[in-house]
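Asks: One structure, pasted below without further comment.
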Amino acid sequence: MKPLTNGDLFKSPTLIKISALVFVTVAFFYLGKHWSDDGYQQLVFFSSSTSGSSIPEVSVSPNSNRVFNLSAIIPTNHTQIEIPATIRQQPPSVVADTEKVKVEANPPPPPPPSPSPPPPPGPVKSFGIVDANGVMSDDFEVGEVESDTVEDWGNQTEIVEAKSDGDSKARVRIKKFGMCPESMREYIPCLDNTDVIKKLKSTERGERFERHCPEKGKGLNCLVPPPKGYRQPIPWPKSRDEVWFSNVPHTRLVEDKGGQNWISRDKNKFKFPGGGTQFIHGADQYLDQMSKMVSDITFGKHIRVAMDVGCGVASFGAYLLSRDVMTMSVAPKDVHENQIQFALERGVPAMAAAFATRRLLYPSQAFDLIHCSRCRINWTRDDGILLLEINRMLRAGGYFAWAAQPVYKHEPALEEQWTEMLNLTISLCWKLVKKEGYVAIWQKPFNNDCYLSREAGTKPPLCDESDDPDNVWYTNLKPCISRIPEKGYGGNVPLWPARLHTPPDRLQTIKFDSYIARKELFKAESKYWNEIIGGYVRALKWKKMKLRNVLDMRAGFGGFAAALNDHKLDCWVLSVVPVSGPNTLPVIYDRGLLGVMHDWCEPFDTYPRTYDFLHASGLFSIERKRCEMSTILLEMDRILRPGGRAYIRDSIDVMDEIQEITKAMGWHTSLRDTSEGPHASYRILTCEKRLLRA
């Protein structure tokens, strides 16, 4: 073999390959070093593995302590994602070091690693304020509204221009809505219309407590202000027992009912001991008594949806929540000053409603239990027409509990009232199941057999078969007994929680065009919202949001509320069924959820600052044909708490105008893509209401 010479060595292919590999390695090492020092701020990773149900998620490089210049890599039209505060903040020292690196073209070799920092201090085991004696005290209050959520707004409405689009009517563009007068801070438009109330021909049947909405063009056109000193509400479950005085600054209820263990004032808070007029020793003891009286009253199983009439501060409903029962607490506005407002501030479901001359806005066979404790209603007046309304809303086989003086006192006048009540319930075919102490409990029949077997001419009569017991919008009370469906629909719902996802029988009675099987449509809606809420929980950290009072403004079958329940979010949802669509309220109640009928072209029957979260899916693209979108949005602003959020999921066609109006209301908004991507016809507008001050 011929030995290699020096020239042959340099011509060897092996050496050429080794040299090339070394050169490439050095080059990549230099480029990697240059990229690491000069462009590190550009590193951010967006998850591309989004499922069909989730919205875009943000994941951050493990080296998240470095500073990112997000605006340099995200296009202006990209879906905006909330970035954690730890990433948004840029300490001055870090910024200065970064700029220094950019200026130096040839940085010196890195210094040797510094010694590791000392370990972080242990977790804080106590937190408080040191008093004058040097002793730490935890007796201090936290709850002021954060400064970055407060804005000086003024009280003048700013109009920019008036324009007309062809043949359409002229539209006034509002740059900024002004603040309403302080006197309107608890304004409920349809219940505070004094001009109309003064003109009523009669008020003896409670007509003044019913809806009397402002005429078209005279509705709300300003932002309802909060009371002075308004604070972020105390979160649930602590709010069940105490709320800020400054949020509901009224003491009349304390003066009237303080001795009955309803409510008391302690410095800057109202406290709720849990008592009531007929259960001074507490609601829990009272509920235990009811369960012992009737074995079938199993809260959280047979009894899932209840109504408390003349609810006071809603302690009955508040304590039923811990037993997995949703209670709609109702009372007229201002019978005892602001009792419904107290209930809502506590985080308990409630609405202003009155038994007067019209049907309440709930469907037939809605409630498993209806409760009245000293509710100041004469059930036997006008041949029992008010108890007939209770009968309409009470589920077949459901219970009516009456705690009142005629049940247990033996004065002649009270005994006469008891006899009248007993005779009326017999004519309704109700069965007196138990009378014990000051409580009497009746049960409604499961079918019409008893009604049909009564003697001819017995009053009250059965309603005509043409009567729709679910027609409730501005419908007068009827002096007749609502029929129970012949097939038992509404009376044979499963136990909770199975009823939440079981397609109810009354699904077949809903009047709407269905191109697929209704049960499949029901299940598809539940799956749709379950996946979307799952995406919100993962990407937008919904479990960290302070959600308690939630309003779904276009509820369908109640899939949104069911999904919140499935994902264990500690909130309650009122599902609204608009009058402009099919009446799905019976289905919502058969599932064990709360709902109400409403027309969003009119104001809602609740106090200002009621809800933490408003959800509107497909609402504006439908209702804009009937009324101005600003009408709906101003009402949303009235009932949303400062710091509360609204998610508007709707067509691209309406988003520009919605954004314009929300900006004029002082809301902070962000437009996002849906899970279908940037080319879908729908968008999600996430909104946050700020605390505005004049």
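Sequential numbering from 1, following the chain as shown.
In case you wondered, yes, glycine gets a Cβ from its N, Cα and C as well.
Relevant sequence annotations retrieved from Swiss-Prot are reproduced here:
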type: COMPBIAS; residues: 106-123; note: compositional bias 'Pro residues'
type: CARBOHYD; residues: ASN69; note: N-linked glycosylation site
type: CARBOHYD; residues: ASN77; note: N-linked glycosylation site
type: CARBOHYD; residues: ASN155; note: N-linked glycosylation site
type: CARBOHYD; residues: ASN378; note: N-linked glycosylation site
type: CARBOHYD; residues: ASN423; note: N-linked glycosylation site
type: REGION; residues: 83-128; note: region 'Disordered'
type: TOPO_DOM; residues: 1-14; note: topological domain 'Cytoplasmic'
type: TOPO_DOM; residues: 33-694; note: topological domain 'Lumenal'
type: TRANSMEM; residues: 15-32; note: transmembrane segment
Asks: Name the secondary structure element type, per DSSP in three states, that contains ASN423 (N-linked glycosylation site).
Replies: helix
Asks: To the nearest whole angstrom, state the Cα distance for the pair ASN423 (N-linked glycosylation site) and ASN378 (N-linked glycosylation site).
Replies: 14
Asks: For the topological domain 'Cytoplasmic' (1-14), what's the mean pLDDT in this predicted model?
Replies: 51
Asks: Give me the long-range Cβ neighbours of ASN378 (N-linked glycosylation site): same chain, 6+ apart, Cβ under 8 Å, in sequence order.
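Replies: Result: LEU386.
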